[in-house]
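S.K.: Swiss-Prot lists 3-56 with the feature domain 'ClpX-type ZB', giving sequence analysis as the kind of evidence. Feature annotation from Swiss-Prot assigns Zn(2+) binding site to Cys15, Cys18, Cys37, Cys40. Residues or ranges marked as ATP binding site by Swiss-Prot on the basis of sequence analysis: Pro123, Thr124, Gly125, Ser126, Gly127, Lys128, Thr129, Leu130.
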Amino acid sequence: MADKKGSSSEKLLYCSFCGKSQHEVKKLIAGPSVFICDECIDLCNEIIRDEASATDKDATAATRSDLPTPHEIRESLDQYVIGQDQAKKILAVAVYNHYKRLKHLGKKDDVELSKSNILLIGPTGSGKTLLAQTLARLLNVPFVIADATTLTEAGYVGEDVENIIQKLLQNCNYEVEKAQRGIVYIDEIDKISRKSDNPSITRDVSGEGVQQALLKLIEGTMASVPPQGGRKHPNQDFLQVDTTNILFICGGAFDGLEKVIMQRSDKTGIGFAAQVQSKEEREVSEVLPQTEPEDLIKFGLIPELIGRLPVVATLAKLDEAALMQILIEPKNALVKQYQKLLAMEGVELEIRPAALSAIARKAIRRKTGARGLRSILEQSLMDVMYDLPNYKGVQKVVIDENTITGDAAPLLVYEEQQPKVAGSN
């Protein structure tokens, strides 16, 4: 380093960048045959700061454009899931806030944003799993479905809760970074409810014990996962997966929860202002949106787990009109799928409105919701799909109400010929 003062006999040194002599600046730093003054260093630092700031702004703008807004998330859900408008809105906001939080994790800030996991409550076949699957596909993140009924505490026969993270890793080719931003959907969460309000002296390895094990996973922990799906043994190197930023969505039918809610509301609704309404008159779909944490505790979930699932969305039971829409409107609607299957044989499929209504009514009677629609349609088309490759000249297959009820076979329309019934010679 060359100081400002120097003897006249010494050779005068100059900054290699601005050309100022050592007498014109405070400091002159020497490198291998190169010199730089303090003023040029300050200027370089200023340029670097400005460029870094511009890069951060561009990254923030890119983040906003990459992440779909709640309205866009809702519109995407509408393409695949019919009805459940309030649940879609709640999910869209929760998922948007979660991934917006992840985008800003690296920034230093006084306010630390906590994770908001989601609890979906609704009857079988109302769209809980489909909503979670559609969200993961939209956001292009790893996704896994786990069945809570197969889980047990560590050390007991059954699946360990850490197996969920192992499956998530498998779905993204063991890329830990990707897995740590994925979505885990835990189905049948209501089936691991505590068997009674009072703690039992016997070990509940598939109830409260599993809830306690899930608690750490959902809250955020370092899960040890064997590489490439191997079994755990002491002398093995494990993959460490941080679950802090994994979004957990838990779903369940919670059969009987409406009774717990009605008992609570009956106690609070006393006096002249109380609305007199019999339990039979109150639909489950009307009661479930009134769910409070105390109801879930009474049902059998532990308070700590409920606290880790702050976003609660309830799904309504699907009526006949909604089930008919599900058959024909979504992008991957069942009718469209079977029309495509028959189109591969060069045959058109027509399902009349009366048949759609009959399918919906049958699903409601079976209490299977949207999940039961496929089996009803498959059963009605089974004989046609079996015989169709052997038939020649079939132009169209027509399904009417009598086909669904089993009173008549599907109608086959031949090219320039009179219609015939399937299976007749």
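Positions of Cβ are set from backbone N, Cα and C atoms, glycine also.
The model shown is predicted, which means the values in this text are computed figures rather than measured ones.
Walk me through where these features lie, including what they touch and how far apart they are.
M.R.: Spatially close to Cys40 (Zn(2+) binding site) yet at least six residues away along the chain are Cys15, Phe17, Cys18, judged by Cβ distances under 8 angstroms.
For Thr129 (ATP binding site), applying a Cβ distance below 8 Å and a minimum sequence separation of six or more within one chain yields Ile145, Tyr185, Asp187, Gly251.
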S.K.: Report, in whole Å, the straight Cα-to-Cα distance of Cys37 (Zn(2+) binding site) from Thr124 (ATP binding site).
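M.R.: With the alpha carbons as reference points, the distance is 74 Å.
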S.K.: Within 8 Å of the centroid of the Cβ atoms of Pro123, Thr124, Gly125, Ser126, Gly127, Lys128, Thr129, Leu130, which other residues of that chain place their own Cβ, given that this set defines the recorded ATP site?
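M.R.: Along the chain, the qualifying residues are Gly122, Gly251, Leu315, Gly369, Ala370, Arg371.
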S.K.: Could you check the binding-site residues Cys18, Cys37 and say which one's CB has the fewest neighbouring CB atoms inside 10 Å?
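M.R.: Relative to the other binding-site residues in Cys18, Cys37, Cys18 has the fewest Cβ atoms within 10 Å.
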S.K.: Using DSSP with the three-state reduction, classify Gly127 (ATP binding site) as helix, strand or coil.
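M.R.: Assignment for Gly127 (ATP binding site) reads coil.
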S.K.: Using the alpha carbons only, what distance in Å do you get between Gly125 (ATP binding site) and Cys37 (Zn(2+) binding site) once rounded?
M.R.: 73
